[in-house]
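As recorded in Swiss-Prot, the features of this protein are as follows:
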{"type": "MOD_RES", "residues": "A2", "note": "N-acetylalanine"}
{"type": "MOD_RES", "residues": "Y6", "note": "phosphotyrosine"}
{"type": "MOD_RES", "residues": "S7", "note": "phosphoserine"}
{"type": "MOD_RES", "residues": "S14", "note": "phosphoserine"}
{"type": "MOD_RES", "residues": "S16", "note": "phosphoserine"}
{"type": "MOD_RES", "residues": "Y24", "note": "phosphotyrosine"}
{"type": "MOD_RES", "residues": "K70", "note": "N6-acetyllysine"}
{"type": "MOD_RES", "residues": "Y76", "note": "phosphotyrosine"}
{"type": "MOD_RES", "residues": "Y121", "note": "phosphotyrosine"}
{"type": "MOD_RES", "residues": "K171", "note": "N6-acetyllysine"}
Amino acid sequence: MAERGYSFSLTTFSPSGKLVQIEYALAAVAGGAPSVGIKAANGVVLATEKKQKSILYDERSVHKVEPITKHIGLVYSGMGPDYRVLVHRARKLAQQYYLVYQEPIPTAQLVQRVASVMQEYTQSGGVRPFGVSLLICGWNEGRPYLFQSDPSGAYFAWKATAMGKNYVNGKTFLEKRYNEDLELEDAIHTAILTLKESFEGQMTEDNIEVGICNEAGFRRLTPTEVKDYLAAIA
């Protein structure tokens, strides 16, 4: 009850030491579509559920797995409009880095800068935290990277993780299946199986998205490729 008076203030701590608006933002993430990231020995895979709004909806108009540079991509759980703002900011940050240094931005540098943007929205008046968590993958210095950033601006490197709806089940499944010698092909199968743990209804190439990142760069798998992977695990 004592927390209620602080729930509308972003910049004021509650008596228990919480910023309640951040707690609400994390709740938006936990209620969002599940997403999975797995770092393999030779690349990274991102996978997420993509709900079909209507048979009239043009699914090519909006994607959940997005490239930022040739070697970095990301996915989200939470609020789609907030995600698209962060995608735009991430691309702009990557372009600014390239203009200054004439080389692609390292994955860890981009994660740090995007997380700083998210953190600024936890201590400014007249704004609210972003209602998304991001999984950011990349390839540089001859190795793969996977990071998660949450609405507070905190970020961590991961070997494999799940977020969004039923993320606890996803993480438990990954803990049983993951090993550091995993190849990218196996990681793709594992990511899809992890999504399947909490998937409602029939999983098809139209309601999930998968992205991969390796030495060749980042790309989103085509629906035909996703269909083949689904057939392989059926």
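Just so it is clear, glycine is given a Cβ too, placed from its N, Cα and C backbone atoms.
Of all the Cβ atoms in the protein chains shown, 17 others lie within 10 Å of the Cβ of K171 (N6-acetyllysine).
In this structure, the modified residues under consideration are S14, S16, and the one with the smallest number of other Cβ atoms within 10 Å of its Cβ is S16. Packing around K70 (N6-acetyllysine) is summarised by its Cβ count: 15 other Cβ atoms lie within 10 angstroms of its Cβ, all protein chains included. In three-state terms derived from DSSP, Y121 (phosphotyrosine) belongs to neither a helical nor a strand segment and is classed as coil. Note: the Cα of S16 (phosphoserine) and the Cα of K171 (N6-acetyllysine) are spaced 28 Å from each other.
Within 10 Å of the Cβ of Y76 (phosphotyrosine) there are 30 other Cβ atoms, across all protein chains. When the modified residues Y24, Y121 are compared by the number of other C-beta atoms lying within 10 angstroms of their own C-beta, Y24 comes out lowest. Closest to Y121 (phosphotyrosine) by Cα-Cα distance, out of the modified residues Y24, K70, Y76, is Y24. Checked against K171 (N6-acetyllysine), the modified residues S14, Y24, K70 differ in C-alpha distance, with Y24 being the nearest. If you take the Cα of K70 (N6-acetyllysine) and the Cα of Y76 (phosphotyrosine), they are about 19 angstrom apart, rounded to a whole number. Each residue contributes its Cα atom, and for Y24 (phosphotyrosine) and S14 (phosphoserine) those atoms are 14 Å apart.
Y76 (phosphotyrosine) falls within a strand segment according to DSSP. Annotated pair S14 (phosphoserine) and Y76 (phosphotyrosine), C-alpha to C-alpha distance, rounded: 28 Å.
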